[in-house]
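So the structure is just underneath, and the comments pick up after that.
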Amino acid sequence: MTSGRPLLSSLDNSSVSGQPLLHHSGSLGTLGVSRPADSVNTSILHLARGEPFEVDCLEKDKGRVHFVGDNSFRSANPVGESFDSVVTTKRLQSLDSEFFEEVSLECSTQLSKHLVSWGATAKEMLHNDNNATFSTSFEISRDSGNLGKPKRRSRPKSLQLDEDVLREEDARFIYINDPRRTNDQYEFTGNEIRTSKYTLITFLPKNIFIQFHRVAYLYFLAIAALNQLPPLAVFGRTVSLFPLLFVLCVTAIKDGYEDWRRHRSDRNENNREALIFQSGQLRSKKWKHIRVGEVMKISANETIPCDMVLLGTSDPSGVAYIQTMNLDGESNLKTRYARQETSLAVFEGRAISGLIRCEQPNRNIYEFTANMEFNGQKYSLSQSNIVLRGCQLKNTGWIIGVVVYAGQETKAMLNSAASPSKRSRLENYMNRETLWLSIFLFIMCLVVATGMGLWLAQYENQLDYLPYYRKRYFTLGKDYRKEYKFYGIPMEIFFSFLSSIIVFQIMIPISLYITMELVRIGQSYFMIGDSHMYDSISGSRFQCRSLNINEDLGQIRYVFSDKTGTLTENKMEFRRASVNGKNYGGSLLTADPLQTESISAATTNRRWKLKSTIAVDSELLELLHKDLVGDERIVAHDFFLALAACNTVIPIRTCDGFSSCTDSQFFEDADTMDYQGESPDEQALVSAASAYGYTLFERTSGHIVIDVNGEKLRFGVLGMHEFDSVRKRMSVVIRFPNNAVKVLVKGADNSMLSILAKDSGRDDHARRAATESHLTEYSSQGLRTLVIAARDLTEEELELWQCRFDDASTSLTDRAAKLRQTAALIECDLTLLGATAIEDRLQEGVPETIESLRQAGIKVWVLTGDKQETAISIGLSCKLLTKDMEQIIVNGNSENECRKLLADAKAKCCLKSSSKGSQYLKCNENAEMDYLERPEKEEVPLALIIDGNSLVYILEKELESELYDIATYCKVVVCCRVAPLQKAGIVDLIKSRTDDMTLAIGDGANDVSMIQMADVGVGICGQEGRQAVMASDFAMGQFRFLKRLLLVHGHWNYQRIGYLVLYNFYRNAVFVLMLFWYILFTAFSTTSALTDWSSVLYSVVYTSVPTIVVGILDKDLSHRTLLQYPKLYGVGYRHEAYNIHLFWITMADTLWQSLVLFGVPLVTYKESTIDIWSIGNLWTVAVVILVNIHLAMDIQRWVLITHVAVWGSVIIAFACVVVLDSIPIFPNYGLTSSGVIVKYLETLHHPKLKMPCMLASIAHVHARCLRKMDID
């Protein structure tokens, strides 16, 4: 695919008829704009009178026309003949009629608009005075009857070109209903998707290549390659390849099966059919053959096959409803719109053609930036105009749209890639210990190589015996009598070093990584299946989105939590209102909802009811229905009108269980009204407005209908500035039925109060003071507040704003920033109408969960965007804050003020200030007792309350360290009025200065940065979208599940993984050290008494299954005990289950056990007739038995599968040793002096050997028993 514009010279003449290249040659230089399209509206050029412009016609004869202000056209390179004289417009019209049918010119007058043809006179076009500025708009269309109607705008006199035009190389061009032209020029991808990785030809090489990206496999390959060299061969050449081949084959079979399933899924998906418009007819077409630029029709309940811009729907207003569950998991319906201009054309059955310029394909499913040129005009396109692949059409008969992204370029496919995975803290520690094991391996190999060199120097004249020590059965057969080639002592030392690496290879626990992966999968399975973490209300189960950090859940020290939707239900209920400075709703809490609803219904003449009943204030309701003309009545009217209009909520009308939003006649008989929106706050406000008689009745992209006490009023929506985290407010510009224009604004108090009118009268000042007092009262009750304001717009203000808004909304670059700048034009000098208070109740079990986390030693911080009073109130209600806590409040407005407040806070904390911000709170050196040193005298618990404005000065200055000292000393921290990036900054404040593990939990898009910053991110499946869940490592339905997730599953996972790592180090080290002692005993010969199969299968088969089973199922304590005694969780963040101290103890244990394991059987059988291979087999069985006994001593919970795994592995090991050495085709057959089975039976039943074997077993675990008894 290519981006940007193609070379114009490469276009086919037949396909570019009517495509101009517009030039301006004037005092400001020469500028050019290209618009290759069937119907194109070029950017407006602001030209001073008398300056010429040119129109290049990309036709076969390259006609060029000059236009000057002397009432004539001048032609250069004229069409059909050569002349330089000035010709009349009539003459030019006849020359160019075959190329242009209509050209519209727009003058900057506010009185009239002119559509003129090439035959128009200059007097008509230039009727302004000589100093006037005019603008021209060219429309070239093959359909002369389809004339564009340019908008009337006032423009600055200086020449300005749309910034998007200057950056067309960054845009994507789609010609509507012309896929051949679109794809021939830009080579867009088709709609065929492929999620599979391989084909039949590429499977084997590509799969092997991908597998060898793992360092573990490269290590195995290097060991196997070394063993193939004759001077280094320790094991059989074939047997040495078995571990690597086994792992490669198993992984390849798994990958092949998964890829076959992907192929089958892709085939089913690509062969689905859709309806495409071709030559004016609907034709069925497979999904994989759909191309960018084609126009499609999707019917109700069908799945969208690609990303498409809506052109029309079954609703005349252009509304469509889609369900995005397959894309983001949300079940609620989303509203999408077709532009009214194209929607009307669809209903009239007219052919649609035009040009869409949009951004390049990207993964952001919540944004879309584009514009569309249709009928000579440019229109903005946004997220509300596009439907994405994978969504389903609901409650809408059909939609028609044009494909803009297809196949692998759709947002759904771009988001199918897995998020970058995190690495657990324990795994990082494990890598540190693996480095120590590598050092041990090097030392052992160096000892063997040095010993071999010394032995060779001593027995240099007896090298004929060397092959026995260096070779085993490889020299059997024809080469058995062949003399061993001696390479000299230095090379023999080098060979001995490499051979030692081969013998001791499993000292590096490569299999541990695979084992941990399997164990984590098993742990995740049980976490997902835990019925105690199933949310029956939303029907959502626990989700494990990351398999690499299960054990980190057991080491959390800090929890950073959002408030709204995380601690609270995010189910908003309208409770209080301040209107015109008067407080309403004080009795709502005790009001009877049925009674208040009946009062409202009787007063408002409604023939339907809300889906949910809303309690109303009778005094306020009476005020709204009085025939008052005074200011109080007008303000109340505008207040509720703003609640009903300033939102993106869509009304859903239902009757007899069926929903409809397209048939207005059907609505007349509807008996239930429901509202759907992406914000629960907006739904609550719109429902409240409806309860008071201001019902949002209908919404389209261009107008809204509000039922005001039974009278339906239609308001034109001229534009909307949606809420963003920078402005913290939302505004809508509406035209009233009487043609008046107002801007209605709602937002947070800290963003609204500063933009109110300054020069208002005494009454306005009193109203503002009263409203601010009410806001403080509402916040102290834990209610969410919004401020409502409005402003009348003059026609001049409207025209200026409309011009800027249209330019910003059609911009392809920095659209959001430009819209914010445009919003500032009207979001100023506002008139205060009032404020709202919404209750967001705490979720079930939140106070108990926070208290349990606190008892577990976990610090809980709340980061919220609410007001300080609201945050404190919620903190008290959820028991995060208590009455006995002393609150330290930091809410400075400057750096100096913040510095002073922090200094005062440090004084309360009894901390020393430091100009360099050094940490006075030091961590105790004892890693297992990681706590902060506090003054000896127990002080009153402190709580830090800090606002986002203070964080602006603190997080970017040296004050950051001061804040860290105070925050870590305080028992509770509450951050209010914080922006999303400030949430991430708070998390990083702890994460970058301590080794403590952090967890962030939230439910909205504003929590994503915090979730990604923390060591562990948890998303709540709430009502604010799925952004937080998609960015998280784990997801669940309720905050209270965090208690069980951390205290139970976190504890279990940490204990299991910690023991798993230590046990894997132990079992491999015991086996390797046993071989090491044997090599020292046999003159450093790098010879092993164990058979090849025993060495290969030890870590793969004999001892791996018990490790996996215990890692998944073992429980040191029951879940009831862990929940009853939260302090037991401290084992994790104190690193008691895995630390460097335990590692060294384990290694010391392996030294003792390996010596006993090697020495007791050797001394016992020293005077017997048993051969070395049989005693090697005995060592194999003995080491398997004893490591499993070691494991059995540590198992806390025995179940049937645990018994089968542990004791079954011992039986399998014995059976394999006996059977494999008894098969003639295997290399170890015949090595012993008699049959292996007979020798084993003799060994096991010899009366003189039973007692030594028992003593060996007891001695082997003696130290372990003593340590266990000491711990107990």
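Note that Cβ sites are derived from N, Cα and C of the backbone, with glycine treated the same way.
Please treat TrEMBL annotations as automatic predictions, because they have not gone through curation.
Quick look at what TrEMBL annotates:
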- Asp562: active site, 4-aspartylphosphate intermediate (ACT_SITE)
- Asp562, Thr564, Asp1003, Asp1007: Mg(2+) binding site (BINDING)
- Asp562, Lys563, Thr564, Glu682, Phe723, Lys746, Arg784, Thr864, Gly865, Asp866, Arg977, Lys983, Asn1006, Asp1007: ATP binding site (BINDING)
- 174-239: domain 'P-type ATPase N-terminal' (DOMAIN)
- 1029-1250: domain 'P-type ATPase C-terminal' (DOMAIN)
- 239-257: transmembrane segment (TRANSMEM)
- 435-457: transmembrane segment (TRANSMEM)
- 493-514: transmembrane segment (TRANSMEM)
- 1065-1084: transmembrane segment (TRANSMEM)
- 1096-1113: transmembrane segment (TRANSMEM)
- 1142-1160: transmembrane segment (TRANSMEM)
- 1172-1191: transmembrane segment (TRANSMEM)
- 1198-1220: transmembrane segment (TRANSMEM)
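Where TrEMBL records a feature, it is marked here on the structure.
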| residue | record | DSSP (3 states) |
| --- | --- | --- |
| Asp562 | active site, 4-aspartylphosphate intermediate | coil |
| Phe723 | ATP binding site | coil |
| Arg784 | ATP binding site | strand |
| Gly865 | ATP binding site | coil |
| Arg977 | ATP binding site | coil |
| Asp1003 | Mg(2+) binding site | coil |
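Counting Cβ pairs under 8 Å to the transmembrane segment (493-514), the stretch among 239-257, 1096-1113, 1172-1191, 1198-1220 with the most such contacts is 1096-1113. Of the Cβ pairs linking the transmembrane segment (1096-1113) with the transmembrane segment (1172-1191) and spaced 6 or more residues apart, 3 or more are under 8 Å, so the two regions touch. Residues belonging to the domain 'P-type ATPase C-terminal' (1029-1250) score a mean pLDDT of 83 in the model. Listed recorded positions near Asp1003 (Mg(2+) binding site): Asp562 (candidates Asp562, Phe723, Arg784, Gly865, Arg977; Cα-Cα distance within 10 Å).
Cβ environment of Arg784 (ATP binding site): Thr564, Met572, Asp681, Ala837, Ile838, Glu839, Asp840, Asp866, Thr870 lie under 8 Å away, each six or more residues apart in the same chain. Broken down by DSSP into helix, strand and coil, the domain 'P-type ATPase N-terminal' (174-239) contains 33 helix, 2 strand, 31 coil.
The record assigns Asp562, Lys563, Thr564, Glu682, Phe723, Lys746, Arg784, Thr864, Gly865, Asp866, Arg977, Lys983, Asn1006, Asp1007 to the ATP binding site, and the maximum Cα to Cα distance across that set is 24 Å. The transmembrane segment (1198-1220) shares the most Cβ pairs under 8 Å with 1172-1191, out of the stretches 435-457, 1065-1084, 1142-1160, 1172-1191. Cβ neighbour count for Phe723 (ATP binding site) (all protein chains, 10 Å cutoff from its Cβ): 19.
In the structure shown, the C-beta of Thr564 has more C-beta neighbours within 10 angstroms than that of any other entry among the binding-site residues Thr564, Asn1006. Long-range contacts of the transmembrane segment (435-457) within its own chain (CB-CB distance under 8 A, at least 6 residues past either end) are made by residues 463, 466, 489, 492-494, 496-497, 500-501, 504, 507-509, 1065, 1069, 1072, 1076, 1079-1080, 1083-1086, 1143, 1147. Take the CB of Asp1003 (Mg(2+) binding site) and look out to 10 A: across all protein chains shown you find 30 other CB atoms. Sequence-distant contacts of the residue listed as 'active site, 4-aspartylphosphate intermediate', defined as residues of its own chain at least six apart whose C-beta falls under 8 angstroms from its C-beta, comprise Val862, Leu863, Thr864, Lys983, Ile1001, Gly1002, Asp1003, Gly1004, Asn1006, Asp1007, Met1010. Sequence-distant neighbours of Gly865 (ATP binding site) (same chain, six or more apart, CB under 8 Å from its CB) are Thr564, Ala748, Gly948, Cys976, Arg977, Val978, Ala979, Asn1006, listed in sequence order.
Neighbour counts were taken as the number of other C-beta atoms within 10 angstroms of each residue's C-beta; across the binding-site residues Arg977, Asp1007, the minimum falls on Arg977.
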